[in-house]
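Chemist: The following feature annotations were taken from TrEMBL:
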ACT_SITE  Asp100  active site
ACT_SITE  Asp316  active site
DOMAIN    82-397  domain 'Peptidase A1'
Amino acid sequence: MMDLRRLALVVVTVAVTVVGEFGCGCFGNVLTLNVLRKFAGHGKNLSALRAHDIRRHGRLLSTIGVDLPLGGNGHPSETGLYFAKIGLGNPSKDYYVQVDTGSDILWVNCAGCDKCPTKSDLGLGLTLYDPKKSSTSSLVYCDQDFCTSTYDGPLPGCKPNLQCQYNVVYGDGSSTAGYFVKDNMKLERVTGNLQSRSTNGTVVFGCGARQSGELGSSSEALDGILGFGQANSSIISQLAASGKVKKSFAHCLDNIEGGGIFAIGEVVSPKVKRTPMVQNQAHYNIVMKDIEVGGDLLRLPSDIFDSGDQKGTIVDSGTTLAYLPSSIYEPLMTKILSQQPALNLHTVEDQFTCFQFVGSVDSGFPVVKFHFEDSLVLTVFPHEYTFQIRVSTIYIF
């Protein structure tokens, strides 16, 4: 396994370019989700941030539209994670769920759940979903199409009227288990620029009966996780199969005011540049071609950006920092720091490189550009790949 080093880049930098030019409005045949920041206003130390991302990496499972308005931000010192408020059931009730492109099902904590959190230190009110109190809910059984397609065939011991169960164990040791139900999901369909109307879609999701590990902790508790992975069981796949949306999504994250939009479906305006996904991969992989620092391309091994098993570049909405293999990270840092050879570097919490700097980092350090397939370029300015700690003159990579 490659040694992955962290760089204080956040996924938000992708959206900052969009925000600066267009704002977070979008229109076309899309559904929307507003997202909020997890840990909003709660400062966390850098080791906790690193530990969180390690847990998130463990949660990457191997296995016309909607906008979801987002809240929060991705600033590393605030451990930015994004979550959305969705409506489930009839009458509809609100649930706060983490938006996660690295997993494949939506699940929420359910009534009668064992070790499900009842409160959250994030200042959010948690709600247990109760299928018996929704007039539109129905159980999913093991012999139904959703269950057999999710598990690539009939489940051993399946009998009529036997519920379709789910059990997910994440790499950090936490787990969720329960059964699948079908119910209405309240969605906001975009009808014009900054205009939307409510609509319902029927989806299958997990009813959490038992949680363990971090998922049962009140300190980081949410009602569940909204998986946007590629499998047929994910919400985006279900909505696309029902004809509600096209199977594509975009997110616009605002790193200044916080929040943003998660758009499901085809974004017609503003015009955006695209890079293709790598086919037949478990996650959303894209092809990185080159890295440019201050106008110079890094000299890297020719096979460093190859795609395939355990290779390539993964887009993950649930991870705060960008992680690079040491074969990329070390020459990148060397090139960046070469413009300031007199810097006195020191290490914070045994893993982060810090320095004191007087003046504008944008004037003192180079712009970094990540080049992707189909001429897509992500430009990252120094104030986006560094961030301040304690006083205004101390920066960190």
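The backbone N, Cα and C atoms fix where each Cβ goes, glycine too.
Curation plays no part in TrEMBL annotations; they are all automatic predictions.
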Chemist: Among the active-site residues listed here, Asp100, Asp316, whose Cβ has the fewest other Cβ atoms inside 10 Å?
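Modeler: Among the active-site residues Asp100, Asp316, the lowest count of other Cβ atoms within 10 Å belongs to Asp316.
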Chemist: Quick check for the class: what is the C-alpha distance, in angstrom and rounded, between Asp100 (active site) and Asp316 (active site)?
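Modeler: One finds 7 Å between the Cα atoms of these residues.
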